[in-house]
Structures are given as C-alpha cells and as structure tokens.
2 protein chains.
Amino acid sequence: MTQTRPENPPRRITRQRSALEALLAELEDFRSAQDLHALLRDRGDGVGLATVYRTLQALVEEGQVDVLRGDDGEASYRSCSPVHHHHLVCRSCRRTVEVADPPLERWAQRIAAEHGFADVHHQLEVYGTCGACAP
Amino acid sequence: MTQTRPENPPRRITRQRSALEALLAELEDFRSAQDLHALLRDRGDGVGLATVYRTLQALVEEGQVDVLRGDDGEASYRSCSPVHHHHLVCRSCRRTVEVADPPLERWAQRIAAEHGFADVHHQLEVYGTCGACAP
DNA sequence: CACCATAATGGGAATCGTTCCCATAACGCA
DNA sequence: TGCGTTATGGGAACGATTCCCATTATGGTG
Ligand SMILES: [Zn+2]
Ligand SMILES: [Zn+2]
Ligand SMILES: [Zn+2]
Ligand SMILES: [Zn+2]
C-alpha cells in the first residue's frame, strides 16, 4: 500500500534485519511485532524488541511488508507481494490469502472524485472463518 | 458493523450518556475518545474519561456508532446510519461521507466462499483529500 | 414520595503496545 | 585495516485504553 524511499541513505544488511526478513519469508500470515520478537528469540536469532519495531517499519516503507490493525489496535505484519492487493483473513487462525478486485479500484476512484476528493487510497480487508477452523 | 445486545439488562439513561450522544449527533466526522472527552468538558457537560470509553463501547455494540483505527492505532468514533456502509474520509480534516458499493458486497461473499471461508465480514475505507483541503 | 437493588460514574492506578534515548557495536567502503 | 556512519538494544518514557472500587444516580415499587 505504502511505497516511499526513492534513493535514501543506503540501508545496511545486518544479522538482525536478515533474521527478521527470513522469518517473515517463511510465515504466511499476519503476526504482531511481539510475536515476531518471540519467534526470533526461540529460533536462536535473538533481536532487540526496538530493532524489531524499527525494521518492520522500514520494511513497510519499502513496500515489502503489509500492516494490519486488529480491533484492539495492535499491529500485525506480513511479507506480501509488491502489487496492490487486499486480504482475506481467517479471524481464528489468521491464515491469510491475497485477493484482488479490479472493479473496486475503479469504484473507489470514481466515488471519491464524485465527492471532490483527490489523492485517493483505500483499504479493504475481508474476514471470515477458514475451512480448517470451521466448527 | 457490529450489532449485538438482544435484550440484555436495560441500559440506564444518565446525564453523561445523553451528553455524549448529543455531542456525537452534531458532529459529522470521526473523533477520538480523548477529543470527545475534551469537547464535553469545554461544553460544560464534563464526563469522566473512563465513562466516555465505556459509553462509546456500548454505542458501538448497539450499532449506533462506527469505529475507525488510525495508522497510529488510535480509535475514532462517529455516529453513523444503521445500514451497512463504508467511509470516504479526508485524511486532512477528517470530513467523512458514508458510501455504499453493492457489487463489493457480493464480491466479498464470493471470493471468500471460493477460498472456503465462511461467516464473512469486510471492512473498506477510502481515504483522500477533500476539496476544501486541496492545496 | 421514599426506598432499594442494581447499574453507572470517575479518578487514579495499572496495562500494554510502541517509541525514545544514547552509549556501544557493526557495516561498508577506501 | 581504519573510519565515518548507521544499526542495535535495554530500559525509560509515552499515550491510549482498561481496571478497580468506593460513591452516586437511576428506575421501578409500594
Ligand atoms: Zn498484503
Ligand atoms: Zn484495492
Ligand atoms: Zn459509518
Ligand atoms: Zn460493504
């Protein structure tokens, strides 16, 4: 969704950053910063909590990671594809699928223009209970 | 979005609750709990912060108020119509317009079903800069 | 109208996710 | 290998939200 950083100061490759990127790469659902911090510790690649937050923030700015705010306001992160998409998330196990809806993109632009809004962005998430979590 | 409370214990009408409902009724954009608390104080109808939070929570459950989480995780509240809708929000002045997109409703159900997800809900917000806030 | 059981209030403490600060360690390039 | 600069991390600081609980107000009832 967000993609800044044109040619800013070069970003250094540190053990911590590599560890976090590797972890995110093998996870396919949204996880909180605290979760990621704990997972890294368990795995042996301990990384300071502050660093986890900083790095996630950077990854989000680079457009490599998407953020999602839960009802409780806690942020969750997921390594996502770079093209615009939305999410279908299981409210029980957090399993996430990337989905796209071209018509929606056009609709958002149109409805915003009709109301005199410019520089339009949007955010859509679909929540449900996945097959594996059904009762 | 949320609508619980079938015939729970009767809810009492207090000065505080009335004041908050009245304030929300005349505001047309999303406001944080802290904002509302301050506005009530300025207006003379002081209400404890804890009560503001509790009451907003109740109003949300009753479906009279919608919540929106900002990028910083802070929640904002707005007195909304009871029918399902989405929001077109000015990222600068917070001005908000309720909008609807029937095709999206169908799409969400379909895409979720295709992936084996049930009990589907969704959430869409469109952000932009309104005419009055244009440069 | 007075009375009571019960729900609501509010001020301050307690949570908890996230950010700050800053001395120290690690990069990357020459 | 040496150096200027960026990244790290532990703990303090923050800020929104929730908890606790003694006190007050509400909505019937008689
Ligand atoms: Zn994504
Ligand atoms: Zn889209
Ligand atoms: Zn609304
Ligand atoms: Zn909808």
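Placed from the backbone N, Cα and C atoms, the Cβ positions cover glycine too.
Where the annotation comes from TrEMBL, it is an automatic prediction and has not been curated.
Here is what TrEMBL says about this protein:
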- B:HIS84, B:GLU105, B:HIS122: Fe cation binding site (BINDING)
- B:CYS90, B:CYS93, B:CYS130, B:CYS133: Zn(2+) binding site (BINDING)
#### Entry: Close-lying binding-site residues around ligand 4 among B:CYS90, B:CYS93, B:CYS130, B:CYS133, where CB distance stays under 6 Å
none
### Message
What does the structure give for the C-alpha distance between B:CYS133 (Zn(2+) binding site) and B:HIS84 (Fe cation binding site)? Integer Å is fine.
### Response
27
### Neighbour count (Cβ, 10 Å) for B:HIS122 (Fe cation binding site)
21
### Summary
Rounded Cα distance in angstrom between B:HIS122 (Fe cation binding site) and B:CYS90 (Zn(2+) binding site) is 21
### Message
Measuring Cα to Cα, how many Å separate B:CYS90 (Zn(2+) binding site) from B:HIS84 (Fe cation binding site)?
### Response
20
### Message
What whole-number Å value do you get for the CA-CA distance of B:HIS84 (Fe cation binding site) and B:CYS93 (Zn(2+) binding site)?
### Response
24
### Query
Rounded to the nearest angstrom, how far is the Cα of B:GLU105 (Fe cation binding site) from the Cα of B:CYS130 (Zn(2+) binding site)?
25
### Task
Check each of the binding-site residues B:CYS93, B:GLU105, B:CYS133 and report back the ones whose Cβ is under 8 Å from some Cβ of chain A.
none
### Message
With DSSP assignments reduced to helix, strand and coil, which class does B:CYS93 (Zn(2+) binding site) get?
### Response
coil
### Task
Using DSSP with the three-state reduction, classify B:GLU105 (Fe cation binding site) as helix, strand or coil.
helix
### Query
For the recorded Fe cation site formed by B:HIS84, B:GLU105, B:HIS122, which further same-chain residues have Cβ atoms within 8 Å of the site's Cβ center?
B:HIS86, B:LEU104, B:ALA108, B:HIS121, B:LEU124
### Task
Would you mind listing, in sequence order, the residues at least six apart from B:GLU105 (Fe cation binding site) in the same chain with a Cβ closer than 8 Å to its Cβ?
B:HIS84
### Query
Within 10 Å of the Cβ of B:CYS93 (Zn(2+) binding site), how many other Cβ atoms are there?
12
